[in-house]
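The block underneath contains the structure these notes are about, expressed in structure tokens.
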Amino acid sequence: MIVSINAIKILLPFVLSFIVGFIIAKPLLRFFIKRRLWRKRSRNEADLISDDFKKIHTDDDLSTPRVGGSIVWLTTTIVIIFLYGLASFIDSNTLRSFNFLSRAQTLIPLGALLFAAMLGLGDDLLTIKSAIKSDSLKNRRIKIGLVILISLLIALWFVFKIDHAYLYVPFLGEVQLGLMFIPLFILVTLAVFSTSVIDGVDGLAGSVMVPIFAAYSIIAYVQAQIDISAFCAVIAGSLLVFLWYNVPPAKWYMGETGMLALTVVLSVIAFLTDAVLPLVVIAFPMVMTSFSVIVQIMSYKYRNKKKVFLITPIHHHFEARGWSRSAITMRYQILSIICASLGTIITLIS
């Protein structure tokens, strides 16, 4: 009976997040279009864009809003506030059981999600308003600096507020790190953020992210971290709403407000659930995509400008090879489901 009640605590917020997100998505999309929140300059004019990229990409997406990822953190916040409000103002044990906002489990992930989302939104708005050619290298350095700042603040909270300064190694147990936990957390967050390059094909980022957060919801549930499980389920539900309007032809794109928020909060959840190392398996499609960029850069630098892939990230390589965007997205999604399932199994048996 307890198991079934806990399952309802996860499934109800999940369904609620989809309903809430679906209600606000249409007005939000109209607002984005009214405010013309899309790129004002062709990507083909940007620095470091290859000729191969220009051949397979047009400027059709120039009038598509860039901040669609805001539906994820907006929906998550609304659902949390709604359930917290019900639990606070109505004297009912049943309603209180559905409130998953807790200092021990979800306060840090929620704070990380919103803080990263605001920084990402600021970056999106600056990009949108920029009608002139910008310095791509400078912009990347600023983004990396912001990620380091966010992860540093969160790492300090882990160490000094909740006394979480260890890394769980599957089949071996906890490895106490002390203050070394701080640089580790920063490095992991930077590594996860680097996977945000997956946001480049209609429906791709969202369809890969849903199985990942579903996997962590299951992991947290089995470990009796019910609040974290519900939190991940709500994010998965809101991502489904994002996908509803991101399937080809996309009505909006994730943007930094979505990718920065999701990658940062994913790092936080991985540490809270003691599933940092399995993240490599669970999020393998994202890891593979990021790794393809690193391989390409290293090959270009140390092999006399020879390229391993036609274009990177690797999904653009497949596109240049003749794969349709829908085929790329579907195959990524299949791979994501398999990897998320395998990573979940590894975590649970370890």
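Just so you know, glycine gets a Cβ as well, placed from its N, Cα and C.
TrEMBL labels come from automatic prediction, so no person has curated them.
Here the structure is a predicted model, which means the values were calculated and not measured.
Long-range contacts of the transmembrane segment (12-33) within its own chain (CB-CB distance under 8 A, at least 6 residues past either end) are made by residues 65, 67-68, 70-71, 74-76, 78-79, 82-83, 98, 100, 230, 233-238, 240-242, 244-245, 251-252. The annotation transmembrane segment is assigned in TrEMBL to 12-33 (among others).
Within its own chain, the transmembrane segment (71-90) is flanked in space by residues 13, 16-17, 20-21, 24-25, 28, 96, 98-101, 106, 110, 113-114, 117, 231, 234-235, 237-239, 241-242, 257-258, 261-262, which lie at least six positions past its ends and keep a Cβ under 8 Å from the stretch. Annotation source TrEMBL lists transmembrane segment at 71-90 (among others).
Feature annotation from TrEMBL assigns transmembrane segment to 102-121 (among others).
The transmembrane segment annotation in TrEMBL covers 142-160 (among others).
Feature annotation from TrEMBL assigns transmembrane segment to 166-192 (among others).
Here the transmembrane segment (204-222) has long-range neighbours at 6-7, 10, 196, 198, 228-230, 232-233, 235-236, 239-240, 242-243, 246, 254, 258-259, 262, 266, 269-270, 272-273, 275, 282-283, 285-286, 315, 328-329, 332-333, 336-337, 339-341, 343-344, 347-348, meaning same-chain residues at least 6 beyond its ends whose C-beta is under 8 angstroms from one of its own. Residues or ranges marked as transmembrane segment by TrEMBL: 204-222 (among others).
Per TrEMBL, transmembrane segment is recorded for 228-245 (among others). Non-local neighbours of the transmembrane segment (228-245) in the same chain are 9-11, 13-18, 21-22, 25, 29, 68-69, 71-73, 75-76, 79-80, 100, 105-106, 109-110, 113, 203, 206-207, 209-210, 213-214, 216-218, 220-221, 251-252, 254, 258, 262, 265, 269, 272-273; each lies 6+ residues outside the stretch with a CB under 8 Å from one of its CB atoms.
The transmembrane segment annotation in TrEMBL covers 252-273 (among others). Note on the transmembrane segment (252-273): residues 29, 32, 61, 64-70, 72-73, 105, 108-109, 112-121, 123-124, 127, 143, 146-147, 150-151, 154, 158, 164, 185, 188-189, 192-193, 195-196, 199, 205-206, 209, 212-213, 216, 219-220, 223, 225, 228, 231-232, 235, 242, 245-246, 279, 283, 347 of its chain, located 6 or more positions outside it, place their CB under 8 angstroms from a CB of the stretch.
According to TrEMBL, the transmembrane segment annotation covers 279-300 (among others). Taking Cβ pairs closer than 8 Å, the transmembrane segment (279-300) reaches residues 188, 191-192, 194-195, 197-198, 208, 212, 215-216, 266, 270, 306-309, 312-315, 317, 332, 335-336, 339-340, 342-344, 346-347 in its own chain, all 6 or more past its ends.
Taken from TrEMBL, the feature transmembrane segment covers 332-349 (among others).
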Next item on the list: With a Cβ cut-off under 8 Å, give me the same-chain residues at least six positions beyond the ends of the transmembrane segment (102-121) that come close to it.
Entry: 67, 69-70, 73, 76-77, 80, 146, 150, 153-154, 157-158, 162, 225, 227-228, 230-231, 235, 255-265, 268-269, 272
